[in-house]
Ligand SMILES: *Cc1c(COP(=O)(O)O)cnc(C)c1O
């Protein structure tokens, strides 16, 4: 079989139209710079949507991947493997958790989390305790259970009937949660920083009150840290930054630094409800994925890198404020660490997506969150020169947008 030349237009011929990707087709990356098929170079502020936490092709990841690739790739869950055991040991050493379940994505880590919360309540309190409370605008993935727990109906409409026993209340509104939580609640699920919803951090006060309400009603607190975790907040996980510890935590995105992996972390007590045969995944805990994630965790979980995230947050914020002082385009700049949102004022707020294309034309890759917010989720080790250069390019893009 001969291989034909592929271009962006091939996408429209052979892919299911679930995405509408950029006209750029990147072919190579190094650190926070990316090159496309035409040889044009970009500064990467998108990080593959908060995934490439060490930038592109970081030497420690390349080493871990190639070394493991020459040893053994896959064994299935009939046998365990050294990278999975090492990664699980390091994750439990570094967090509240005592047990780990590996999956391949954020949605799968959450699917495991929600199933475990149900099973724990079933085992300990009976089948009536099955209700899950989640928050408006939250995002937890695209499987049927995770779009149902997620608080954005647009991802659910057309796929019903959806799983039942799920209630949504407004985020950062403790009275709303108080009004619906009961002895039937098995779990409250939240993102410490809502990512897709628009980079909206939970207040520490809210998170503490949620924890207390969960304890009063024997409900588990599930933190979806798929986007906020693995150093992005400036702590290894955002729960550490907020000072509220969950019972179950899901991680993915930056955990693999670009290699697919997800993990669900929990305590001994809760993990006991995931007994032999109760859940599983063929690829979950794959040796290649775990070897890469181990190298990512080793690299990120160091004071110098985590302090760097906080310093770079300040650089991003200063640069965005300087742009705003000139163009008056942002209503609010918010977020934690290197997960930053800049909400646009009208008339730009309804067209945040246009800034992605405008940025690309000037050589900077950015993201949006919700419909009205520019999102920055770059490599946690992005060089300061790249922040400066990317911001100069972003300013050019914004100047063009404003003059239109
Ligand atoms: C991206 C994301 C997910 C889904 O992760 P996938 O790997 O795409 O399945 C779940 N929760 C949050 C908070 C996310 O940002």
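One-based numbering along the chain as shown.
Cβ atoms are placed via backbone N, Cα and C, with glycine included.
Predicted automatically and left uncurated, TrEMBL annotations should be read as such.
A quick note: this is a predicted structure, and the numbers were derived from the prediction, not measured.
As written in TrEMBL, here are the features:
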BINDING   106, 107, 139, 224, 225, 226, 227, 282  pyridoxal 5'-phosphate binding site
BINDING   142, 281  N(2)-acetyl-L-ornithine binding site
MOD_RES   253  N6-(pyridoxal phosphate)lysine
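Features as recorded by TrEMBL, highlighted on the structure.
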residue : record                               : DSSP (3 states)
106     : pyridoxal 5'-phosphate binding site  : helix
139     : pyridoxal 5'-phosphate binding site  : coil
224     : pyridoxal 5'-phosphate binding site  : strand
253     : N6-(pyridoxal phosphate)lysine       : helix
281     : N(2)-acetyl-L-ornithine binding site : coil
Quick one: pull the CA-CA distance for residue 253 (N6-(pyridoxal phosphate)lysine) versus residue 139 (pyridoxal 5'-phosphate binding site), whole Å only. 14
Close to ligand 1, in the sense of Cβ under 6 Å, among 225, 227, 281, 282 as binding-site residues, are 227
Position of peak Cβ density within 10 Å, selected from the recorded positions 142, 253: 253
Per-residue Cβ crowding (10 Å cut-off), top of binding-site residues 227, 281, 282: 227
Over all pairs within 106, 107, 139, 224, 225, 226, 227, 282, the annotated pyridoxal 5'-phosphate binders, what is the largest Cα to Cα distance, rounded to whole Å? 25
Position of peak Cβ density within 10 Å, selected from the binding-site residues 107, 226: 226
Which of the listed binding-site residues (106, 139, 224) has the least company, meaning the fewest other Cβ atoms within 10 Å of its Cβ? 139
From the Cα of residue 281 (N(2)-acetyl-L-ornithine binding site) across to the Cα of residue 226 (pyridoxal 5'-phosphate binding site), what is the distance in angstrom? 18
